[in-house]
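Undergrad: Okay, here's the structure, questions in a sec.
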Amino acid sequence: MDGVTVIDHPLVQHKLTIMRRKETSTGSFRRLLREISTLLCYEVTRDLELTMETIETPLQTMESPILEGKKLVFASILRAGNGLLEGMLDLVPSARVSHIGVYRDHETLQPVEYYFKAPEDVAERLIIVVDPMLATGNSSIAAIDKLKERGAHNIRFLCLLAAPEGIRNFRAAHPDVPVFTASIDSHLNEKGYIMPGLGDAGDRMYGTK
């Protein structure tokens, strides 16, 4: 699909299979989500710009490339997005963090916003929005709408699973935002869940129903 990158690294696919299993425990699911987020982050940040810095090694002075982490924002769609956030911050601890509170009304399947906090200068930063599931796309669309209202324009979206319906809706709303995912699954069921999916990522991560 145009504008969509499927991250098919063997380690990503292996860990995703274990996460899909219904017998995988809450603790294991949480650990695997953190591990897989590190691998996904590696791919979504592959083309980040580096600057040169003069450093001293134990032997001599040299010019060496370094990442400008302060120009990067990880935006987590609460609450499940936080599961991806932790592993990504392990890789880029200097990145800024945004939290966007959006939940899906299970009757209407429409997003309900309840919280938004982001750096004031989002217009000057690369924003990587994270949410494990791109189902209908409504929550992620609403989150990115909010970021764009604040001036953000350099945005990427990272998820673990995506449904074709969600991708179509998302790309129609935000054709300028590339999508990175570990898998494009078959379809949405009548309740708006990704099939075959892995269940509700937030519930499985936190042990709630």
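Glycine residues also receive a Cβ, built from the backbone N, Cα and C atoms like all the rest.
Sharing the features that Swiss-Prot gives for it:
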BINDING   Arg79, Arg104, Asp131, Pro132, Met133, Leu134, Ala135, Thr136, Gly137, Asn138, Ser139, Asp200  5-phospho-alpha-D-ribose 1-diphosphate binding site
BINDING   Ile194, Gly199, Asp200, Ala201  uracil binding site
Undergrad: Let me make sure I understand the structure: which of the binding-site residues listed (Gly137, Gly199) has the fewest other Cβ atoms within 10 A of its Cβ?
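TA: Ranked by other Cβ atoms within 10 Å, the binding-site residues Gly137, Gly199 bottom out at Gly199.
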Undergrad: Using DSSP, would you call Ile194 (uracil binding site) helix, strand or coil?
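TA: Strand, per DSSP.
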Undergrad: Taking each of the binding-site residues Met133, Ala135, Ile194, Ala201 in turn and counting other Cβ atoms within 10 Å of its Cβ, which one has the fewest?
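TA: Across Met133, Ala135, Ile194, Ala201, these binding-site residues, the one with fewest Cβ atoms within 10 Å is Ala201.
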Undergrad: Can you check which residue among the binding-site residues Asp131, Asp200 has the largest number of Cβ atoms within 10 Å of its own?
TA: Asp131
Undergrad: Do you see any of the binding-site residues Arg79, Asp131, Met133, Ala135, Gly137, Ser139 whose C-alpha is within 10 Å of Ile194 (uracil binding site), and which ones?
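TA: The binding-site residues passing the 10 Å Cα test are Met133, Ala135.
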Undergrad: Between the Cα atoms of Gly199 (uracil binding site) and Met133 (5-phospho-alpha-D-ribose 1-diphosphate binding site), what distance do you get, rounded to the nearest Å?
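TA: Cα-Cα, rounded: 10 Å.
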Undergrad: Name them in sequence order: residues not among Ile194, Gly199, Asp200, Ala201 whose Cβ is within 8 Å of the mean position of the Cβ atoms defining the uracil site.
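TA: Nearby residues not in the site list: Pro132, Met133, Leu161, Tyr193, Gly197, Leu198, Gly202, Asp203, Arg204.
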Undergrad: Looking only at Arg79, Ser139, the binding-site residues on record, which one has the least crowded Cβ, with the fewest other Cβ atoms within 10 Å?
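TA: Selected from the binding-site residues Arg79, Ser139 on minimum Cβ neighbours within 10 Å: Arg79.
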